[in-house]
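Read the structure below first, then the notes.
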Amino acid sequence: MTLDDINPGQAARIMAVDWSRLVSEEALRLRALGIDVGAQIRVAHRGVFGGRDPLAIEIGRTTVAVRRAHAEAVEVEQL
Amino acid sequence: MSRHRKVALVGNPNAGKSALFNALTGARQKIANYPGVTVERKAGRMVLPNGEPVELVDLPGSYGLDPTSPDEEVTSQVVLGEFPGEQAPDVIVLVIDASNLEQHLVFAQEIIALGKPVVVALNMLDLAERDGLALDPPALQEALGVPVVPTVAVRRRGLDDLAAAIASVETLEYSPRPKLTLTERRVEAQAIAQGTILSETRTRRLHSRLDTVLLHPWLGPVILFALLFVIFQAVFAWATPFADALEGAIAGVSVFVQDVMPSGLVRDFITEGVLAGVGSVVVFLPQIVILFFFILVMEASGYMARAAFLMDRMMQSVGLSGRSFIPLLSSFACAIPGIMATRSIADPRDRLTTILIAPLMTCSARLPVYAVIIAAFIPNRTVGGGIGLQGLVLFGLYVAGILGAMIVALFLRRSLTSGAASGFIMEMPKYQLPRPGDLLIGLWQRAWIFLRRAGTIIFVVTVVLWLLLSFPKAGPGENQVDASIAGQLANGLAVVVEPIGFNRDMALSLIPAMAAREVAVSSLATTYAVEAETEDAEAVALGDQLRARWTLPMALAFLAWFVFAPQCMSTIAVTRRETNGWKWPAFMLLYLFGLAYIFAGITYWSATALGL
């Protein structure tokens, strides 16, 4: 299951991240924002058009917007 | 004279650095660019409690010393003392969002590990309390090993303590911390945050309640577009009394000059050249201030990032990201700060595309042109529901620019700037009430830039145009404008623009408007003032002059021209600087003039065919 499969309002834990699917600057930015293995996250909002892109992810007390392309690289376990 | 010590504000984006910088320096700020790069350098002076003046520098927000954008690269190089020509900071003020410790302490540890004198400003403590967080600043100080000062920059709380800490920081003892990896720092950050948080009530936070509405899949976009519509209506309706007052004042001065000065060249120069020309541009100050007010409020409240989130999908469909939305929205005020704001876009192709379409966003310099033409030709009535027809036409012009930009972006991303789809990763700041003082500083800076333009570029261009219009003097029975040098020049250009419905006066106004779009208005005003004088008629308001001389299809074509035409030398110059060459500004000029010609033509022909 990837982060992209999570619906708004649901929480999940990050199990693995396929960094090779991401541009290195983006990978670094995601890690700096705390999106990394072990982190507990919650999908707060999703857009409406085109497969509900982008996603607003709550991590700790921060909310971060990412795209489905990023979410697909993040393996999660639903909580 | 010994140099002043330098204090740098460093921190994550959205830590409240700019508000702290404003609170510490007041209006004593110098904004420039770092040499060689297009990152803004904000510096100001502050005086420490011991009387020592220091230079305070606000560095771009950053997530780490390994840069992922040009902004972060500047922060990293300046902090490490590696930026050429920039003295390394003597003291670092690390700004941390009190309600976001786990996140902000990751970068904080990296900075503290450098071993430089550091003071931590535990900022936005009030918002943390509002979120139900009770913090223990001494515990944080203990854990980090550097002084921690609680601050609320927007309420000016803790500023004296912070200044005192900056003054005395050198005398403290440091135990250099071991270098940690990103993952180790994050684990450590979590531990420190847990040790600092005394209690945490899981209240449903205000910002998540607001987000539920403002980021709602259907309601969110509706609210965003309603807000944009209200802004454009307000720009027209609220500004009118102020603009009328300014216009009255300028007319009063003009009459006064006519009365007290002997008639002659100098008096004509003042009334027809300076007052008619520059005055007709200055009256748009109220509209520009209102537009910037909304943009600044959206930025300061945190709503701008939500707008970017809502717009991302749409921007993605033309090959851009929500990040481009912020530069493009700024371009509604002025393309220059908009183009400069593109440096936050990491992907170079994304950035280039955004730069090339930024001039299509209706900037405030077009407002004078639109306002004069609309006021003269569009009846001031409502179309029902309290919506004014004039505001609606204005809104339509903005939409035309946006649609044009989207289509151009789509083409560019498939041809000249094609490449992999770009990403969109963006932190959403917490909602805040903007501080009136910060808004006032921002509005003052924008208004001053506009007035300075009116006083310099527009003044010079207007005066040159007046000279070209006034000489050689027309003989008896001859029209002054026809006889003048400018009239001769315009006759040449008029041949080119005649097929799209432009008359000689319109062609004439396009020449000086290359300097800045709003000059088109002042040059029309000057042209008709010069002409009115020789015709021995009372100088009448510009709107009446236009109605008497232009048809509705001509006016609409003129509006369509200004939706696209790149009539702004500053924009071309800033594009050259941001793209490091003449290739892209030349391309921008060509494609925009091409579009302007085509669309003005289509507008003119179809309006004529419809019998308007």
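Here the Cβ of each residue, glycine as well, is placed from N, Cα and C on the backbone.
TrEMBL labels come from automatic prediction, so no person has curated them.
For B:4-172, the entry in TrEMBL reads domain 'FeoB-type G'.
If you look up TrEMBL, you'll see B:213-236 (among others) marked as transmembrane segment.
If you look up TrEMBL, you'll see B:273-298 (among others) marked as transmembrane segment.
The list of residues near the transmembrane segment (B:318-340) in space but at least 6 beyond its ends in sequence, with Cβ under 8 angstroms from a Cβ of it, reads 38, 40, 288, 291-292, 295, 298, 304, 307-312, 350, 353-355, 357-359, 361-365, 398, 405-407, 409-410, 412-414, 421-424, 426, 446, 568, 570-571, 574-575, 578. What TrEMBL records for B:318-340 (among others) is transmembrane segment.
Summarising the annotation, TrEMBL assigns transmembrane segment to B:352-378 (among others).
Taking Cβ pairs closer than 8 Å, the transmembrane segment (B:390-412) reaches residues 229, 232-233, 235-237, 318-320, 328, 332, 353, 356-357, 360-362, 366, 370-371, 374-375, 378, 380, 383, 559-560, 563-564, 591, 595, 599 in its own chain, all 6 or more past its ends. Residues annotated as transmembrane segment in TrEMBL: B:390-412 (among others).
The transmembrane segment annotation in TrEMBL covers B:450-469 (among others).
Within the same chain, residues 335-336, 339-340, 358-360, 362-363, 365-366, 369-370, 373-374, 376-377, 397, 400-401, 404, 500-503, 506, 510, 513-517, 520, 546, 585, 588-589, 592-593, 595-597, 599-604, 607-608, 612 sit at least 6 positions outside the transmembrane segment (B:552-574) and bring their C-beta atoms closer than 8 Å to a C-beta of that stretch. The annotation transmembrane segment is assigned in TrEMBL to B:552-574 (among others).
Here TrEMBL flags B:586-607 (among others) as transmembrane segment.
For the transmembrane segment (B:352-378), same-chain residues at least 6 beyond its ends with a Cβ under 8 Å from one of its own Cβ atoms are 235-236, 280-281, 283-284, 287-288, 291-292, 319-320, 324, 327-329, 331-335, 338-339, 342, 345, 389-390, 393-394, 397-398, 401-402, 404-405, 408-409, 412-413, 417, 450, 516-518, 520-521, 524, 542-544, 546-547, 550, 552, 555-556, 558-559, 562-564, 566, 568, 571, 575, 578-579, 584, 587-588, 591-592. Long-range contacts of the transmembrane segment (B:213-236) within its own chain (CB-CB distance under 8 A, at least 6 residues past either end) are made by residues 287, 290-291, 294, 303, 306-307, 309-311, 367, 371, 387-388, 390-391, 394-395, 398. Computed over the domain 'FeoB-type G' (B:4-172), the whole-number mean pLDDT of the model equals 86.
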